[in-house]
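According to TrEMBL, the transmembrane segment annotation covers 32-48, 60-77, 106-124, 130-157, 169-186, 222-240, 272-293.
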Amino acid sequence: TEIDWKAYMQEVEGFANGTFDYTQLKGDTGPLVYPAGFVYIFLGLYHATSRGSDIRLAQYLFAGLYLLNLLLVFRIYCRTNKVPPYVFFFMCCASYRIHSIFVLRLFNDPVAMAILFLAINFFLEERWSWGCLLFSLAVSVKMNILLFAPGLLFLLLQRFGLLGCIPKLCICALLQVVLGLPFLLVNPVGYLTRSFDLGRQFQFKWTVNWRFLPEEVFQNRVFHAALLLAHLAGLGLFALHRWHSSKENILTLLKDPAKRKPASPRLTVNNILWQASCVCPLNVCAWIVFILFSSNFLGVCCSRSLHYQFYVWYFHTLPYLLWCTPTTKLGHMPKVLLLGVIELCWNTYPSTVCSSLSLHICHGLILLQLWYGTAPMPVSHTPPPSRKPTAMSKKAQ
């Protein structure tokens, strides 16, 4: 189970020895294909574990990361008050694959996701600058975090308008430049093409979600383009009809929030969301989390290939996606069953036609539930008496 760990250590060892040309950083599994944040974090692990030889210590460190990740996820869920408590048992104890990804295989995916969940906690605290900084740090560990980016961009536009969100985007971009600077100075093209390669081909033997297709279709560029179009279409539909709850045109998000017209005499989710209380109201936290998690889920559904370690990309968001819609007493069991079937699909090795088809069916059912169960509705909210409705929290600056 240490194949990937050894490859990671080989990749960062070159940097430790003074190699700053990204194209020269390689391991047994191939060239380094992750951004610079990965190099710095795993370089720290390289030194902490005696050049990667003390795998047991690395597993202890990743076990600690697993517990920290759960703490961050639980804090997000507690702020939304959407998921019944018994579901947390399944999240903690019922996934062999997640435990393997964290503690047995020591992948970089859980590192990126833990930083991402920390960023979301900052968003819920109205600390948008710090949240954007951490979001960019997560991207620098692995690019799958960019699946959350459309949702985050929507939230920033809704919160700050076009001009107001530019500084936040600059924070994200500046961190990428600072982290990649040693490599950009030596071989900028090599760094950018290796660490942000969006056209990389995946091997058919590792796919979890497209096993039922012939390999020639799986590798076909037309198929990849169709998935990209489906992804963009899904994001557009959700942005227009599920994320945007105002009756105004979605282009009003580009305006300064103070110049937008209220959607109705009562406060709606749209303007509740951006009132400057120190801590987000309960329904606002739920709305922020819904936009971010659904953005990521749409990307997962349209991914060109899902490998086994990619399960961590959305495992901890599934309970929220299933329970964020109204649920009857008899409606809990089908949702638990969906979690079980998804877990079974990810634990089938190698994947089969049946397991990959089942995974797509489960994803489709969740998408249908999100679409029909989250239609935007006005939500009344009484602002805290100690603050003016238009005041802006210092944390949000």
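Every residue, even glycine, has its Cβ placed from backbone N, Cα and C.
Worth saying up front: this structure is predicted, and the values here are computed from it rather than measured.
Contact between the transmembrane segment (169-186) and the transmembrane segment (32-48) is supported: at least 3 Cβ pairs lie under 8 Å, counting only residues 6 or more apart in sequence. Here the transmembrane segment (222-240) has long-range neighbours at 150, 154, 213, 250, 294-295, 298-299, 301-304, 367, 370-371, meaning same-chain residues at least 6 beyond its ends whose C-beta is under 8 angstroms from one of its own. The listed stretches are 32-48, 106-124, 130-157; of these, 106-124 has the most Cβ pairs under 8 Å to the transmembrane segment (60-77).
For the transmembrane segment (32-48), same-chain residues at least 6 beyond its ends with a Cβ under 8 Å from one of its own Cβ atoms are 8-9, 11-13, 15-16, 22, 25-26, 57-58, 61, 108, 111, 137-143, 176, 179-180, 182-183, 191, 194-197, 200.
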